[in-house]
Structures are given as C-alpha cells and as structure tokens.
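Participant: What follows is a structure written as structure tokens; I'll ask about it next.
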Amino acid sequence: MKDYLVKALAYGGYVRAYAVNATETVSEAQRRHGTWHTASAALGRSLVGGLLLGATLKGEDTLTVKIQGDGPAGAIIVDSNAKGDVKGYIQNPKVSLPLNEKGKLDVRGAVGTNGVFTVIKDLGLKEPFSGQTPIVSGELGEDFTYYLAISEQIPSAVGLSVLVNPDETIKTAGGFMLQVMPGASDEVIAGLEERLKNLPNVSSLLEEGKTPEDILDIIFEGDSIMILEDAPVRFHCECSKEKFSTAIITLGTSEIQAMIEEDHGAEAVCSFCGNKYHFDEDELQGLIDEITGDKK
Ligand SMILES: [Zn+2]
C-alpha cells in the first residue's frame, strides 16, 4: 500500500479530520539516517506530525518543526509542505532505550520532557510565522496537540504512531489529526471528547491492513464523514550539488583555497537526507573562479 493522506470533514463540517499512512516515508527516513528503534519512533512520529501540519498548508507554503528536548535524541528537525513532501533528521540517530512501563517504545525518554517545540511557517509573506510552546509530554502527539491549542488556538487531537520491527526496519507508521472549527457547538465538542477517550493506535490499525479512510471511520464510529481528498505523501529532499555549490561559495575564497590545499577536495553531506556530494580540486577552483569573476 502506498503512503497517502486523507482530508475529511465531520460533524457537519465543524471538525476537520486528517489521517495518514506514512509507513514508506518513515521507512525511508530510517534507512537514510540509520536510526535505532527509539530514535526511529521519535523521528517517525515527528515526520508524521509534520505531514499532518503540512496538510493544512496551501500552494507553495512550507513549514519546519523543531523539537529541542533535553533527552538523548537531541534536536529533531522536520520540513514539510502542502504537496505531501516531508524530510527530517534527528541529532542522535543511535538511541535505543528499553521499552517503557506500557511496553511501548520510550519516545519520551529519547526526546526528554523539558524543552521547546517550534513551528516556523513560510506562507509567502514578508516574515515567516513562528510559534513556540514548551514540550509538555515528550511523546510528541500531545506536544503537537498542545502547540495547536496554545499557539494557533485550534482545539485539536493528534495521534502519531510508529511500529518498529525487531531488525530495526519500520513495520507501520501513521497518524491522525482532528481540529475543531470556530462555531462548533458544545454538543460537537462533547461528542468529540467522548470519541477521544478511546483513541485508536494508528500503527496497530495499519498493521491490520486498515486504510486512512478506515481509521477516520473508526474514530467517528459511523457518524458521517465527508472525504474531501486523498493525496500521496513521501520522504523527499530537494537538495542538489548545485545548492551545495552555492553554500560553499558563501564560505569565501580563502576558505575554499584551504579545502583545495589541505583536503584536496570537499565532501558535503545533506543533514536532511544523508546524500553526499563530492567536490574535487578542479570543481573547488571553479567555485573560486565564480567568486572572482574569472570564469573560463
Ligand atoms: Zn538532501
């Protein structure tokens, strides 16, 4: 089954609902970064959360989620956009903690319980929008929920989950996000709260072969939902050798000269996807020539 995200309306349009199967997306991140199971779950949940927030964007808008906790995983950075592309990395990919008291991957132990949760949105305006909340849980679903409630004033529920196989590969990954729209009646909010008492574990439902549409049906238990669209999602990084050339040029001629003389070349590694770009001495000299205007 390919990864995709479903957008729907429930409760007569007063609740926006999103569900996503991101198993392949998170699998690719796991392979690219070589994450160990607890780090895989922390990065995977963050990627799923990024996709769900990204689903609320339009056109060319993009967003970045930065989770800086005090746990051994260090910072987690995720970029997503309105087209269903997501990329991300975790500062320390080699985190493997014992399971927590519930027998689950200890994401809170990896992320930590103190720190800052930041979302930066580039909506094509002069200044990007930036919102910040403290980390309240470290399990990440609750942190996305808290961010939406406090920073964007949208009462929401976010469920993020990742199942990891014994060989460190990803079994399933996915999530859902429900948002209450302004003007929703007390009955709608009370009804939704009742539903949220028994939130399904998305990765287990995906393991049973359930689709994102099925997951929304299970959450709303037969209440009619209106599917608006489904759209593919994927791990995607737009880095290129050209982009890294531009970055090297900004270092200046003496720095590049040092790379030629001391290292006889340079290697740039994209932190988002792990792709490596090698620059030999001739290519570095070409960049110096570009700076000095001495184009051949
Ligand atoms: Zn990249």
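Placement of Cβ uses the backbone N, Cα and C atoms for every residue, glycine included.
Here TrEMBL flags CYS237-CYS239, CYS270-CYS273 as disulfide bond.
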Participant: Compile a sequence-ordered list of residues in the same chain as CYS270 (disulfide bond), six or more apart from it, whose Cβ lies below 8 A from its Cβ; state 'none' when nothing qualifies.
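Facilitator: CYS237, CYS239, PHE244, LYS276, TYR277 - these are the non-local Cβ neighbours of CYS270 (disulfide bond), listed in sequence order.
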Participant: With every protein chain in view, how many other Cβ atoms are within 10 Å of the Cβ of CYS237 (disulfide bond)?
Facilitator: 19
